[in-house]
């Protein structure tokens, strides 16, 4: 029988943004997640968090994040408690500080998915327990662990990988890919119209990490330059939650940046993989997709159905890996 290893040790730490961790710590979490994935595949129990209680705070809805934290908690022997936007009063009827102090006395760890980065920072500051950022408008660190785990599973390494993000350069995925990638020695290319370039503050953090750890950061609106010899092409939705009024403007800006076969041909290699944090608008098989088609005549948006369903696509491995990497973070910061 396989011997259960002790959890990777980051006891008491919070994961609020990628730069909270060193390269070695981030890689350690990825490797630990790969081990936990094998445990689950082989039916090996790994109850590192028996008796623990986990609060799952959701201001923003999510399929993958909620499912991943819930299953990860149960697999680790913990009890997850979901608190949706109608259950919590962060900054409305009760301050984040007061909420944090209450939850910290009842729960052993807190996940937060919402809008404000300051909110998740304050939860960590005042709760006295580990807090994990499930997504804010600024950063998406748990997604990054899954993304780079997926890349490592496909190529066997991270340092020196070329990763191209195509789309809105101002969103949290672009921010996090730049910083996490640079920290892991990855060459990150953000391909976006100039008007959607990431803010300099985020680029500066990424470039600092690149100089420290050996990665690189490129910001360009030239698609051919961005995807040449790239190992992975990553995209995200063109319009995020709360931005629905900007659909027409965003479509006009990004229609030439759709991930399609022509873009993959420009890579010059057959081994390039496709990544997407999901949900993806690649067909009209949703009410949302039908509405976009009726309004704008687009049956596909950020990625074509051909690429989404192709052998290049690793999006469902990536989605599964949310659970394994979140499990690694929880076990590392709470386990003993």
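For all residues, glycine too, the Cβ spot is worked out from N, Cα and C.
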Identity of the carbamoyl phosphate-site residue among 105, 113, 309 (reference: 62, 63, 64, 65, 89, 140, 141, 142, 143, 277, 278, 322, source: Swiss-Prot): 113
Longest CA-CA distance among 62, 63, 64, 65, 89, 113, 140, 141, 142, 143, 277, 278, 322, per record bound to carbamoyl phosphate, angstrom: 28
Local backbone state of residue 277 (carbamoyl phosphate binding site), from DSSP in three classes: coil
Intrachain C-beta neighbours of residue 62 (carbamoyl phosphate binding site), sequence separation six or more, cut-off 8 angstroms: 113, 134, 135
DSSP three-state assignment (helix, strand or coil) for residue 240 (L-ornithine binding site): coil
Residue from 172, 236, 240 whose C-alpha is spatially nearest that of residue 142 (carbamoyl phosphate binding site), among the binding-site residues: 172
Residue 236 (L-ornithine binding site) versus residue 277 (carbamoyl phosphate binding site) - Cα distance in angstrom: 7
Euclidean distance between Cα atoms of residue 140 (carbamoyl phosphate binding site) and residue 172 (L-ornithine binding site), Å: 6
